[in-house]
Amino acid sequence: MAPKPKPWVQTEGPEKKKGRQAGREEDPFRSTAEALKAIPAEKRIIRVDPTCPLSSNPGTQVYEDYNCTLNQTNIENNNNKFYIIQLLQDSNRFFTCWNRWGRVGEVGQSKINHFTRLEDAKKDFEKKFREKTKNNWAERDHFVSHPGKYTLIEVQAEDEAQEAVVKVDRGPVRTVTKRVQPCSLDPATQKLITNIFSKEMFKNTMALMDLDVKKMPLGKLSKQQIARGFEALEALEEALKGPTDGGQSLEELSSHFYTVIPHNFGHSQPPPINSPELLQAKKDMLLVLADIELAQALQAVSEQEKTVEEVPHPLDRDYQLLKCQLQLLDSGAPEYKVIQTYLEQTGSNHRCPTLQHIWKVNQEGEEDRFQAHSKLGNRKLLWHGTNMAVVAAILTSGLRIMPHSGGRVGKGIYFASENSKSAGYVIGMKCGAHHVGYMFLGEVALGREHHINTDNPSLKSPPPGFDSVIARGHTEPDPTQDTELELDGQQVVVPQGQPVPCPEFSSSTFSQSEYLIYQESQCRLRYLLEVHL
């Protein structure tokens with residue numbers, strides 16, 4: 001197919017970068033933090049600490065809300081420790097104060113005190129809480145962190161068991177055995193839903209980020225606790241810009257962050273967050289945490305208990321929660337062949353991902369948002385690689401503006417025309433003998449492209465008169481091999497050729513091109529690919 005006419009572009013070298021930034025736009029990092037803070041606190045399910053000897057006694061429970069998990073990290077002294085306090089009550093109205101403490105990631109030591117009077121047990125609990133935090137238990141809703149003391153963190157237990165318990169008037173409690181309906185999804189989609197909602201996958205993702213999964217149990221990641229992590233990083237970001245008189249040191253601020261968001265460093269000293277690169281890594285980590293919370297919250301949607309004998313298959317239920325239609329493409333379909341060629345021609349020469357399945361994606365509400373750009377031309381199908389832990393969140397909410405790749409081209413949504421570029425951001429999971437990952441293809445309304453050849457992390461929008469920013473790399477898929485797909489009446493360019501050198505950008509700081517848009521509505525998810533990495 002003949003090459004397409006080149007869109008009107010402007011190329012900017014390093015000497016023209018300064019002073020070209022458009023007006024201030026909302027910072028996505030801070031907007032995510034504000035959104036988390038606005039969410040009402042979840043109703044807590046409090047369980048007896050599983051390491052407590054009394055936890056196996058069915059009559060033992062936590063008295064009211066007398067339960068707390070405390071954390072303290074001090075980098076200078078290599079402290080990274082927790083303290084758990086619970087007031088327990090058994091069926092005979094005897095009371096127990098359970099204390100457990102130690103280094104994050106370990107079982108630690110414990111102590112148990114028995115009481116016959118509730119008031120004595122309360123006094124013991126409240127005394128220990130004040131001793132460890134310098135706060136009164138009655139004023140815990142207005143908790144203030146103090147240097148050298150523990151900080152109260154919000155952790156939530158997993159949901160109650162899945163079997164339904166139905167109360168019958170004037171009779172004993174009986175359990176209804178539910179008959180699960182057969183799954184209506186095809187086998188490939190069943191596997192997809194299983195993978196993207198896998199608790200083991202979420203757990204492994206958190207462990208890879210050195211997070212202490214015991215302090216952030218799956219199913220109930222505290223939104224408020226994540227929001228406090230955002231606040232701690234904002235303070236670090238300000239401190240990295242330059243020291244202020246009387247301000248806290250980076251070590252102190254880092255210690256506070258690790259206290260708020262518990263990390264498991266084993267016996268290693270927690271590293272101070274003392275560079276923009278480390279700060280960016282922790283920002284990305286919290287954004288992934290927020291997406292894990294979204295996926296987990298979908299599954300925790302409360303349903304009124306019904307005494308019905310049949311219930312939807314769990315995979316059908318999870319699929320419906322996505323509010324996104326996924327249509328598995330036949331391997332003989334023309335668009336399947338086009339996408340397969342796109343993958344194979346632009347994938348890595350050393351280890352190109354092996355295509356397994358393609359789904360056509362139709363996310364609820366995205367079509368209407370995308371319609372706002374119906375008159376914007378120059379549309380291209382582009383790659384977006386991601387962590388499996390955030391696939392469910394993306395299918396539910398679409399691609400959002402998040403810092404990626406160190407923010408080399410500012411705060412926008414990043415795409416690539418070469419699969420090998422986006423594949424570098426794919427984090428998958430082991431499934432049998434294969435390492436499985438997922439990649440998106442999005443239709444991006446590029447409009448007028450503004451080209452750059454050096455980093456510009458301050459960008460929050462294209463220059464006036466432009467709709468997108470392309471960080472041009474040394475190579476680009478051969479434009480003479482491009483083809484088009486018609487998607488909802490729009491012609492969308494799909495590269496089909498191998499990458500070829502771009503002499504005019506041979507001195508670019510980017511080896512491969514990165515495509516940036518700064519409005520979330522300017523792209524639409526079109527395809528989801530399952531690949532073996």
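The backbone N, Cα and C atoms fix where each Cβ goes, and this holds for glycine too.
The ADP-ribosyl glutamic acid entry in Swiss-Prot, when matched to the candidates E163, E418, E514, corresponds to E163. Note on E34, E293, E443, E520: Swiss-Prot annotates ADP-ribosyl glutamic acid at E34; no matching annotation appears for the rest, which is not proof of its absence.
Of the given residue ranges 14-20, 476-482, Swiss-Prot assigns the label motif 'Nuclear localization signal' to 14-20. Swiss-Prot marks one residue of K37, K43, K282 as N6-(ADP-ribosyl)lysine, namely K37. Cross-referencing E64, E158, E252, E310 with Swiss-Prot, the residue annotated as ADP-ribosyl glutamic acid turns out to be E310. The DSSP secondary structure for D210 (ADP-ribosyl aspartic acid) is coil. Cα of D141 (ADP-ribosyl aspartic acid) to Cα of E231 (ADP-ribosyl glutamic acid): a distance of 18 Å.
Counting residue by residue with DSSP, the domain 'WGR' (59-150) contains 22 helix, 41 strand, 29 coil. Closest by Cα distance to E344 (ADP-ribosyl glutamic acid), from the modified residues D210, E231, E449, is E449. In this structure, E344 (ADP-ribosyl glutamic acid) is part of a helix by DSSP.
One residue stands out among the modified residues D141, D210 for having the most other Cβ atoms within 10 Å of its Cβ: D210.
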